[in-house]
Amino acid sequence: MGAHAIVTDANISSSLENNTTGITAFSMPGWQLALWATAYLVLVLVAVTGNATVIWIILAHQRMRTVTNYFIVNLALADLCMAAFNAAFNFVYASHNIWYFGRAFCHFQNLFPITAMFVSIYSMTAIAADRYVAIVHPFQPRLSAPGTRAVIAGIWLLALALAFPQCFYSTITMDQGATKCVVVWPEDNGSKMLLLYHLVVIALIYVLPLLVMLLAYSVIGLTLWRREVPRHQVHGASLRHLRAKKKFVKTMVLVVVTFAICWLPYHFYFILGSFQEDIYYHKFIQQVYLALFWLAMSSTMYNPIIYCCLNHRFRSGFRLAFRCCPWVTPTEEDKIELTHTPSLSARINRCHTKETFFMAGETALSPATNGQARGPQDGLPDEP
């Protein structure tokens, strides 16, 4: 995360300073800086626009307000904030090796990246747990609306608690006329505390939740692919329901795998640096770090693209959101897809199914349901 980058870059930067004030061993040619700036600008624009659109699609349409989709909103909000408040500012710091943004933002920058990443991955974990209950144990009670809000609030509180130590020990220092945002651990065991903190953070916001999701989606996959549709229903709603659930599993597995791939090199970078600090003294490490940081931050922009490509309701939502663009032409079906309420006959035909489905397949939470999620959304389409 960006906060880790600040710790490392700031703590080692003074040893890389040249004798000339304002010039560091990390200085790069203007054309190279322009290329990196363009890459990061594209990342931030795509991530902020895409995740803001996902949030709008869900919150602006009653049919999309489901347990799973509220966790999707939480994930999108964390990714949006990560791109807006971490990617851009940390790029400026890493490329110039000077902190321009003041003491208060130094504390924030050492608090928020860990918080946002924790919220992102545990929102994915909550989705996996919710789908596990819905598919593997379909007759067990689902999360209520208050329960969903409580889980989301709990995720944010735990995330802030995990990030607090780094925020607490962050400070502003001056090094040969250059301002640095650094994390100063207690002097007695500073290096040991830094290593321990890195390992704990990586375990809690990467290894543990990925293992939980691997187990959950493995069980979900086995359950779905072993399930058979009765012969007399091979062309009916049951087959569509099964296909929708399988497509959901593929979608969320793609989201999780993308996240894991984007962040793995970045975490490995800091684990290696904790044991071999001399790697930070090489001039090329700035380019390595900028590449790894871009890859990690790029995880914030892929989810909206995945939703749009694999989920037809989100495709409809994106068409409506960008209808002002000359190359985007939303249809009446796109509007119906997000607002249509099926007929009573369709409800009766589907009321026997207890399970709920990703994005399109759940009943939207409302006061009328007394806060308890019910069965499947009426009018479940062929895909989730």
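In case you wondered, yes, glycine gets a Cβ from its N, Cα and C as well.
The shown structure was predicted, so the numbers you read here are calculated from the model rather than taken from an experiment.
Within 10 Å of the Cβ of CYS106 (disulfide bond) there are 24 other Cβ atoms, across all protein chains. If you look up Swiss-Prot, you'll see CYS106-CYS181 marked as disulfide bond.
What Swiss-Prot lists as N-linked glycosylation site is ASN11 (among others).
Residues annotated as N-linked glycosylation site in Swiss-Prot: ASN18 (among others).
The annotation N-linked glycosylation site is assigned in Swiss-Prot to ASN19 (among others) on the grounds of sequence analysis.
Less than 8 angstroms from the CB of CYS324 (S-palmitoyl cysteine) sits no same-chain residue that is six or more residues away. Per Swiss-Prot, the feature S-palmitoyl cysteine maps to CYS324; the stated evidence is sequence analysis.
Among the features that Swiss-Prot reports, topological domain 'Extracellular' is placed at 1-32 (among others), with the record citing sequence analysis.
As annotated by Swiss-Prot, topological domain 'Cytoplasmic' applies to 57-69 (among others). Residues of the topological domain 'Cytoplasmic' (57-69) grouped by DSSP class, helix first, strand second and coil last, total 9 helix, 0 strand, 4 coil.
The feature topological domain 'Extracellular' is assigned by Swiss-Prot to 91-107 (among others), with sequence analysis given as support.
Under the heading topological domain 'Cytoplasmic', Swiss-Prot lists 130-149 (among others). Helix, strand and coil counts from DSSP across the topological domain 'Cytoplasmic' (130-149) read 12 helix, 1 strand, 7 coil.
In terms of DSSP helix, strand and coil, the topological domain 'Extracellular' (171-196) has 7 helix, 11 strand, 8 coil. Residues or ranges marked as topological domain 'Extracellular' in Swiss-Prot (evidence: sequence analysis): 171-196 (among others).
The feature topological domain 'Cytoplasmic' is assigned by Swiss-Prot to 219-251 (among others).
In terms of DSSP secondary structure, the topological domain 'Extracellular' (273-290) contains 14 helix, 0 strand, 4 coil. Marked as topological domain 'Extracellular' by Swiss-Prot: 273-290 (among others).
The annotation topological domain 'Cytoplasmic' is assigned in Swiss-Prot to 311-384 (among others) on the grounds of sequence analysis.
Counting every protein chain shown, 27 other Cβ atoms lie within 10 Å of the Cβ of CYS181 (disulfide bond).
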